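Sequence annotations record features per position, and here Swiss-Prot assigns substrate binding site to Asn126, Thr176, Lys180, Arg297, His329, Ser381 based on sequence analysis. Positions annotated as active site, proton acceptor by Swiss-Prot, on the basis of sequence analysis: Lys178, His296. Residues or ranges marked as N6-carboxylysine by Swiss-Prot on the basis of sequence analysis: Lys204. Among the features that Swiss-Prot reports, Mg(2+) binding site is placed at Lys204, Asp206, Glu207.
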Amino acid sequence: MNAPEPVQGKPRKRYDAGVMKYKEMGYWDADYEPKDTDLLALFRITPQDGVDPVEAAAAVAGESSTATWTVVWTDRLTACDMYRAKAYRVDPVPNNPEQFFCYVAYDLSLFEEGSIANLTASIIGNVFSFKPIKAARLEDMRFPVAYVKTFAGPSTGIIVERERLDKFGRPLLGATTKPKLGLSGRNYGRVVYEGLKGGLDFMKDDENINSQPFMHWRDRFLFVMDAVNKASAATGEVKGSYLNVTAGTMEEMYRRAEFAKSLGSVIIMVDLIVGWTCIQSMSNWCRQNDMILHLHRAGHGTYTRQKNHGVSFRVIAKWLRLAGVDHMHTGTAVGKLEGDPLTVQGYYNVCRDAYTRTDLTRGLFFDQDWASLRKVMPVASGGIHAGQMHQLISLFGDDVVLQFGGGTIGHPQGIQAGATANRVALEAMVLARNEGRDILNEGPEILRDAARWCGPLRAALDTWGDITFNYTPTDTSDFVPTASVA
């Protein structure tokens, strides 16, 4: 956008009518020192050819706070110097001369307390379609403690969940029922029973199983909870199955959640695509009803995967922790879905840290104090199997749910054998780690030793032991070690 030239050499004043450059309207301040109470955002921007990156950064700050395309006299009726967002730093992205990192500070008073919907309406509501910018991606955010404290956060959290399940010192195990569409309620319940009886802690609905002609939601809930209760009685362990309450209206979702509660379920599930207001509402319901809330990140790849445009999943994970989910899918790094190992570990930091430290190699550009919000249990799911157990535990530690869907239900000896294979592999690896062995390097040997005494594990390793998904990740961390303000 080209601003008019000054008339007869006279400099334009801030509130003269007409179009001005954003950086001249106060949306760029290279000397600005962010305050502890500022909300900070890092954008990756690709300006149009010929557009000054500083002007592009100022435009992002302006269009995500108080600016419009022309000077408006009503600015003078506000405390506009405070309400203007301020771009304060621009760095070139390494090895990409067209892209720039721009840092923007927002005054806390610009945002409604405890509302992710309001936050996202400002930060991503308008700037991503702004013509002077070819592409924009929200890479990271820092929330001030005062803002974090306006959110309730997870209703259960990792510690309380483990206490309810009475399971400590190891990752939890789960599986998604497959095929995810087409089973009758009775057959669906049978799959759940076999998986839980074989040694899994959880079974799970997939993202698109709701209430279809082949299986009404009420039938699924009834057969699943019958399976959960029978498996719990048979094993002496607390078991659960994520019942997906996603529906077309909020009222229907509450109705399904209430029915799940009446059947004794300990956990329900919603999809990311239901939206932020719905997610926060279901979190509040779970808090009031002592339920765990699992979040399936359905649809996230439409805006998180591309490196030059969209929203990084680390930002989505931060919003979800504020919104109050107890579980969220965060990637596997070794499975079938997109995920650079270091970047994925950064997502796990966001879920589990009390205080997240800046770590540029993991894509974490800001320190974040979580102000005593409970921690989210990350979930690794998608194309993983027992032969990768050493890699998964080395990458993610104990506080994670490892979900083996096809790696359980596709077992050549049946579903219960698949679950047993995963449980034995997990127990063997945790034991070896606790004995001080190098499980990352000795993992295959540890698994083969355990398989000598476990036929299901031996069959799993013979079937999938050499299966890997070695593709180059599209979303990796870029960073600038030192500032180079334009």
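Using the three backbone atoms N, Cα and C, a Cβ is placed for every residue, glycine included.
A 10 Å cutoff on Cβ-Cβ distances gives Lys178 (active site, proton acceptor) a total of 16 other Cβ atoms nearby, all chains included. Note: the Mg(2+) site is recorded as Lys204, Asp206, Glu207; in the same chain, Thr176, Thr177, Lys180, Asp205, Asn208, Ile209, Tyr242, Asn244, Met269, His296 also have Cβ atoms within 8 Å of that site's Cβ centroid. According to DSSP, Asn126 (substrate binding site) sits in a coil region rather than a helix or strand. When the binding-site residues Asn126, Ser381 are compared by the number of other CB atoms within 10 angstroms of each CB, Asn126 has the fewest. Between the CA atoms of Asp206 (Mg(2+) binding site) and Lys180 (substrate binding site) there is a gap of 6 Å, rounded to the nearest whole number. Distance from the CA of Lys204 (N6-carboxylysine) to the CA of Asn126 (substrate binding site) is 36 Å. Between the CA atoms of Ser381 (substrate binding site) and His296 (active site, proton acceptor) there is a gap of 10 Å. Closest in space to Arg297 (substrate binding site), of the recorded positions given as Lys178, Lys204, Glu207, is Glu207, taking the CA atom of each residue.
With the fewest other Cβ atoms inside 10 Å of its Cβ, the least crowded of the recorded positions Lys180, Lys204, His296, Arg297, His329 in this structure is Lys180. In this structure the alpha carbons, written CA, of Lys204 (N6-carboxylysine) and Thr176 (substrate binding site) are 5 Å apart. Put simply, His329 is the one of the recorded positions Thr176, Lys178, His329 whose Cα lies nearest to the Cα of His296 (active site, proton acceptor). Under 8 Å, Cβ to Cβ, and six or more positions away along its own chain, Thr176 (substrate binding site) finds Met203, Lys204, Asp205, Asp206, Ser381, Gln403, Gly405.
Pairwise Cα distances among Asn126, Thr176, Lys180, Arg297, His329, Ser381, which the record gives as the binders of substrate, peak at 37 Å. Nearest Cα neighbour of Glu207 (Mg(2+) binding site) among the listed recorded positions (Lys178, Lys180, His329): Lys180. Secondary structure at Lys204 (N6-carboxylysine), taken from DSSP and collapsed to helix, strand or coil, is strand.
DSSP gives Thr176 (substrate binding site) a strand state.
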